[in-house]
Amino acid sequence: MLQQVNGHSSNPDAHGRKPLREDLQEFLGQDAPLLLLDDLTKVNPVTLETVLRCLQARYMADTFYTNAGCTLVALNPFKPVPQLYSPELMRQYHAAPQPQKLKPHIFGVGEQTYRNVKSLIEPVNQSIVVSGESGAGKTWTSRCLMKFYAVVAASPTSWESHRIAERIEQRILNSNPVMEAFGNACTLRNNNSSRFGKFIQLQLNRTQQMTGAAVQTYLLEKTRVAYQASSERNFHIFYQICKGANADERLQWHLPEGAAFSWLPNPERTLEEDCFEVTREAMLHLGISAPTQNNIFKVRRKAVLVLRGDRQPFS
Ligand SMILES: Nc1ncnc2c1ncn2[C@@H]1O[C@H](COP(=O)(O)OP(=O)(O)OP(=O)(O)O)[C@@H](O)[C@H]1O
């Protein structure tokens, strides 16, 4: 069917591509490079095409953050960009008279939220919602925010306050390997995909210094224990136990070397997330003693065996 857009035909060309509307062509062909548009509200006309072209131009120029009004759009660079997350940059955003005037960045969002708490404007409690599809970089972004607050929400003059903020950051960072071992899995989109939601609460005192933190998890994808889509895996912890248990533990847990379980597909894939030692270390730092750990892993291993009874083992 013939479609008319702004009075122009939108018939596909010889390559099957639809011709661009005149106003789109004008916008995309303008003198100012698209990559300079640091706020998507400046994109005019706002269409999927113009927004994506703008984000693409910025991505090609290694500019991974763009504002969209009061929302920040973060593109996943899929490569390390250390200068983008340096402590110097954190301090720059923290010290800026107007951080919103600096380039769009997750530290800008972090700082603005921190200032809202400080200025005691209602609501004093502030929330940052990090959302996106699997592999978009939500976990990464949350970690960046934690690191940012550990630096800024500590008194520069009080060594004690600095130590507390660092200790809280360390405990939260230590909770990551544990939660990831039990709640993350390798999926088609992300080798280390979180299969649960997380609510992290940072507590500040009256002088806006970090005094505590709480992490609440929800909506764990429990069905993954018994069913994994093809080419996906079960939760990391099962592979960690099978690959990382020492000789004594193998005897105790009835886990012969090289045993294969039908509920643990694709065990031949070696991921950096398979490291049992990292999980154990982090559990110890969180105060989970070696005997308690032993009981937890024993139960995990039994769970796999019981499930194995319901399904054909690998041949
Ligand atoms: N800002 C970034 N800089 C460099 N690498 C990044 C960045 N953001 C994400 N990545 C890379 O992308 C991978 C996937 O990101 P992440 O695990 O944060 O996604 P996610 O949105 O939490 O996914 P899921 O919902 O599946 O848990 C990371 O392991 C990391 O390698």
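Counting starts with 1 at the first residue shown.
Even glycines carry a Cβ here, placed using N, Cα and C.
What TrEMBL annotates here:
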{"type": "BINDING", "residues": "GLY132, GLU133, SER134, GLY135, ALA136, GLY137, LYS138, THR139", "note": "ATP binding site"}
{"type": "DOMAIN", "residues": "35-315", "note": "domain 'Myosin motor'"}
Site with most surrounding Cβ atoms, counting all protein chains shown within 10 Å, from the binding-site residues GLY132, GLY135, GLY137: GLY137
Cβ-based neighbourhood (8 Å from the centroid) of the ATP site, residues GLY132, GLU133, SER134, GLY135, ALA136, GLY137, LYS138, THR139 excluded: ASN76, ASN190
DSSP three-state assignment for GLY135 (ATP binding site): coil
For the binding-site residues SER134, THR139, the one whose C-beta sees the most other C-beta atoms within 10 angstroms: THR139
Other C-beta atoms that fall within 10 angstroms of the C-beta of GLU133 (ATP binding site): 9
